[in-house]
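Worksheet for the structure shown next.
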């Protein structure tokens, strides 16, 4: 009847309380953006932050990268005290830098130092995209240049892992100058027969991809890494064509001759050790080739 419409009890849906939503502590579980599988974060970390289901490579910070590659207690960091200023007086730039320092416990977007990989010495630079998206400013360029000069001085190989959104806009032309400075340092190092190994990780874009990231004697990348200078949309608008779906991926660049290899993270240490062995001893340690 008509009156029943107004007298009938309403049905309500129960909404979880805020407390119930947070019963699982933040960071305990991680969802893979590729296959959507949910896994324990600690298990993901044990697997070098590679999805156990589909092989997707999650980003690594500098500390995780060092622990996965270098021999235990072999890493000696240098120039860690260098910090960015605000030469152009860009609004709120220093405040953003300070927030990233607190969040990451880093002073800048690259960590440099010397260590050993399976006993073979090298100077290594590792960019960290958790700090200002790994953008390249004056300090990043200077630290990388000093690391290259250190490798030249000690006559050991130079290895760099890149992860960057490109030049840091808050430093304007000073950030663009780092492209030339780092490239010049690599040129001088190469003239002294120094070995340069570049490993591009997701993402490596902008001025970083157009300078030191692409200047290795060996240019490698992790699977699925985005590598490029300009964005996909800008390129499509400029050339008036639709680009392939896998355009600007590590696999696409390998197929077109712009990379020497795409290396799974679980194999990275052994592959690097093999190259260091080959260039430093002539390949005495045959076990590395197995």
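In case you wondered, yes, glycine gets a Cβ from its N, Cα and C as well.
When the ranges 32-54, 55-77 are checked against Swiss-Prot, the one recorded as zinc finger is 32-54. With a cut-off of 8 Å between Cβ atoms, the residues of this chain six or more beyond the zinc finger (32-54) that come close are 60, 64, 68, 264-266. Excluding the listed site residues 32, 35, 51, 54, the same chain places 33, 34, 36, 37, 52, 53, 55, 56 with Cβ atoms within 8 Å of the centre of the Zn(2+) site Cβ atoms. Under DSSP, residues within the zinc finger (32-54) fall into helix, strand and coil as 6 helix, 4 strand, 13 coil. The Cβ of residue 35 (Zn(2+) binding site) lies under 8 Å from the Cβ of 51, 53, 54, 56, each of these being in the same chain and 6 or more residues away along the sequence.
All protein chains included, residue 32 (Zn(2+) binding site) registers 18 other Cβ atoms within 10 Å of its own Cβ.
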